[in-house]
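According to Swiss-Prot, the features are:
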type    : residues                                                     : note
BINDING : T29, M30, G31, P32, K50, D86, G87, T88, T89, T90, G414, D492 : ATP binding site
Amino acid sequence: MAKEIKFSDSARNLLFEGVRQLHDAVKVTMGPRGRNVLIQKSYGAPSITKDGVSVAKEIELSCPVANMGAQLVKEVASKTADAAGDGTTTATVLAYSIFKEGLRNITAGANPIEVKRGMDKAAEAIINELKKASKKVGGKEEITQVATISANSDHNIGKLIADAMEKVGKDGVITVEEAKGIEDELDVVEGMQFDRGYLSPYFVTNAEKMTAQLDNAYILLTDKKISSMKDILPLLEKTMKEGKPLLIIAEDIEGEALTTLVVNKLRGVLNIAAVKAPGFGDRRKEMLKDIAVLTGGQVISEELGLSLENAEVEFLGKAGRIVIDKDNTTIVDGKGHSDDVKDRVAQIKTQIASTTSDYDKEKLQERLAKLSGGVAVIKVGAASEVEMKEKKDRVDDALSATKAAVEEGIVIGGGAALIRAAQKVHLNLHDDEKVGYEIIMRAIKAPLAQIAINAGYDGGVVVNEVEKHEGHFGFNASNGKYVDMFKEGIIDPLKVERIALQNAVSVSSLLLTTEATVHEIKEEKAAPAMPDMGGMGGMGGMGGMM
């Protein structure tokens, strides 16, 4: 297929047109008074959203060069959301403003490479000032404020997220699910839970709830399949002398071994239960080690030179309470050494930092949560499917932004933090580097201006008023008042502001230093020819019908 090449100003102007269209669609969602965007779906009802990244993801333009510009900024919005959970609209507004200012200067003859260098220096200096101005998230109230703002000022969602984080800690896993009704709910699972239930319902101790509960129990951990009773008989005899219940976690327990355990359980000889080990392959081995660390036990594995026949009671883990239903096993109050658990947590955190796979990262974070806190499930309720999807997206974003706030701290919100940081930056640059520096200094005013415009105020007037003051002074777009942003609880995670600015400068630099674009030429398909009508004999005789 033939391809068309566009050069210099012609290419950059078309790229800018794509960025402008994306920006115009996304910017309306910004701030507490942001508007909704209605998105047509390929099937079913259209979706309504105030989430910038959800709008950006839907945009495809007909002009191939303009579409390339839009797709690059869309990628920035997505990466900002992935890294910080919020700030997608901020990143888009910044990218557009930087590109617009930069394009004007480059068209007038500025050197793109020098301009880029000045932009990078300005952004780095502003980020350093943001870090200095940030403060650590103190308590539940500040977490509620961050979550509320990220959930588009929904205080109920903010409170749910704060409650969840309080219960499972900053390393705990918080998942978001759809509720069956219209009310929002929070469920918290204490201890370590994995998705394996009892191997036989005859292990049940509570017939009403259909659960097996073992108190002050031993835990046998092995990566072997147990099919013969003689494999575990010596260990069973030793635990019977101790008079404590036993949970067996193995690759599988089948045949004679399972039958014998069930019969002895029913006769009251053994207080026992058995479940399959969680996970598969290498992940199963790691999860067994996690349980061993949590309970102070040892995985009995032939790889380590250990066999079930020769296993001692010292190899068994211990837990205060174990609850098993048909789908899940929960281990509460594991008796492992706290130092061993901390070491294991640190090891998993290192693996999370080094892995590039999103799937592996998610599974590692689940393991981390099970070791360090627990799992909280926020169940989102809504009256319709459209409302449910929109609300669930907001909760996901608010959750990520709140974690970002806990991780790196908070700054004043409402677009004021960037302006305050810029007021403290004074770089002595020359020529086109100075042009790049000034581009950033003007562009960082755009988020505050857009928040004000969406709330029905004059963006320029609001920016000028905020610039006259120092400290935590900013603009509350919800009521149109100038306030102390920290006192009013209008705050943003530092990580969100930092990543939004870094990503915006990065993509704008790429676009401004683009000198050519290459795209396929769409071949217009010729319209199908009219079918040959033939003679259509007999038509001439129609005159007699007059």
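From the backbone N, Cα and C atoms, a Cβ is placed for every residue, glycine too.
Shown on the structure are the features that Swiss-Prot records.
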{"residue": "T29", "record": "ATP binding site", "DSSP (3 states)": "coil"}
{"residue": "K50", "record": "ATP binding site", "DSSP (3 states)": "coil"}
{"residue": "G87", "record": "ATP binding site", "DSSP (3 states)": "coil"}
{"residue": "G414", "record": "ATP binding site", "DSSP (3 states)": "coil"}
Greatest inter-residue Cα distance in Å for the ATP-binding set T29, M30, G31, P32, K50, D86, G87, T88, T89, T90, G414, D492: 18
The one of T29, K50, G414 whose CB sees the fewest other CB atoms within 10 Å, among these binding-site residues: K50
Cβ neighbours of G87 (ATP binding site) where a neighbour is any other Cβ within 10 Å: 31
CB contacts for G31 (ATP binding site) [other CB atoms within 10 A, all chains]: 27
All-chain count of other Cβ atoms within 10 Å of T89 (ATP binding site): 29
